[in-house]
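Annotated features, as they stand in Swiss-Prot:
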- 37, 38, 39, 40, 41, 42, 43, 44: ATP binding site (BINDING)
- 5-241: domain 'ABC transporter 1' (DOMAIN)
- 252-496: domain 'ABC transporter 2' (DOMAIN)
């Protein structure tokens with residue numbers, strides 16, 4: 001096989017911390033390479049070096065056998081390397097065609113832009129990807145899956161031979177995921193090479209040809225996917241065997257903590273009723289758009305209910321804002337941690353204590369920094385958050401550690417009920433395992449938990465009961481003992 005890319009002896013330091021140590025990577029023409037490792041293993045740093053976002057400290061990069069120097073993003077693009085980020089880099093207020101050709105517009109004589117040609121070429125590229133999008137449509141009106149195809153179209157326009165895909169299916173529906181896989185297979189047949197970053201093992205074994213595993217900035221193993229098992233890869237990634245992928249603890253739920261009766265928000269969901277007890281995990285399953293997140297945000301006061309009642313501890317409550325919900329003992333962990341759950345340019349410490357300022361302030365509202373430091377350090381130890389210091393900026397942390405900070409922020413309010421919306425999205429298997437154990441710990445403390453997840457095995461194995469939604473309505477409630485993927489999916493698509 002012919003290598004199209006070789007990265008040899010790549011090392012990188014941030015301050016005194018070595019994040020990559022003598023890492024090698026080989027990518028072959030017309031192959032899909034899975035780049036694996038826990039959050040913080042060095043995957044993103046390695047790819048940012050390849051794409052010209054960071055400069056390497058040591059090592060060499062070879063393309064088609066020739067040594068190259070990639071100093072910036074323009075260099076990477078010149079060499080045919082493109083990265084499709086987890087947080088898509090599109091301009092929402094521009095059209096599909098404008099985004100595809102941004103910075104590469106066709107210019108006529110006298111510097112006027114040839115929009116007709118741009119639209120024709122945009123439609124042609126999208127058609128080749130199996131997409132018949134209206135190229136005049138604004139990107140903000142597209143689904144995440146459609147936006148991703150626009151990103152891929154952009155990369156093909158610049159004749160990219162190497163595509164880096166970072167958690168490409170994290171926010172996609174099942175249908176969009178299947179469409180993406182078809183596109184990847186088509187690109188592979190055309191001789192394109194893809195580096196695929198994902199924590200979803202079933203995807204790795206379906207779509208990838210080769211693998212490379214990093215741990216703590218070092219190369220652990222690389223080879224062909226056909227030569228390893230799921231457990232082999234997990235052990236390489238975490239450096240140990242995870243005895244249970246889903247460490248469920250049986251519990252005896254206590255008294256009722258939350259009751260929702262006929263809750264309705266017009267245009268989102270209607271007549272939703274369910275109960276959550278102390279020390280119980282109630283899982284919410286359903287396809288994207290089923291209304292699960294909307295129900296959660298209404299309970300948390302983000303949306304105003306049209307009708308229905310909410311009871312806490314047997315008493316009806318009025319929740320008009322998230323502040324009301326927090327004061328009544330309800331916390332919500334958002335599915336979108338970067339835009340709703342955290343302020344990424346602020347520090348770990350500032351984010352963690354944001355919802356519990358009263359706890360660290362004196363009677364006139366002045367922050368007691370000694371108390372703040374003590375509480376933050378305690379949470380860092382309790383949740384095993386890996387950071388250089390409490391003053392580290394959130395965007396510098398790995399996805400798993402960002403999620404732990406968001407969870408810590410929830411726990412510092414001493415909630416009676418916590419709503420976890422996609423708590424393990426985009427984090428590695430080791431961090432997932434730690435969050436599952438934390439859920440068990442919360443159960444033991446008698447906290448009621450609502451778990452929303454698009455990963456069916458997660459809902460089935462962590463929940464005590466499962467509520468299924470379809471198009472804004474509850475279509476069934478299934479006990480843990482009776483639940484199977486087939487039963488849940490049947491109700492998730494509106495079946496009986």
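Every residue gets a Cβ built from N, Cα and C, even glycine.
Overlay of Swiss-Prot annotations on the structure.
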residue : record           : Cβ neighbours (10 Å)
37      : ATP binding site : 29
38      : ATP binding site : 26
40      : ATP binding site : 23
41      : ATP binding site : 25
42      : ATP binding site : 25
43      : ATP binding site : 23
44      : ATP binding site : 21
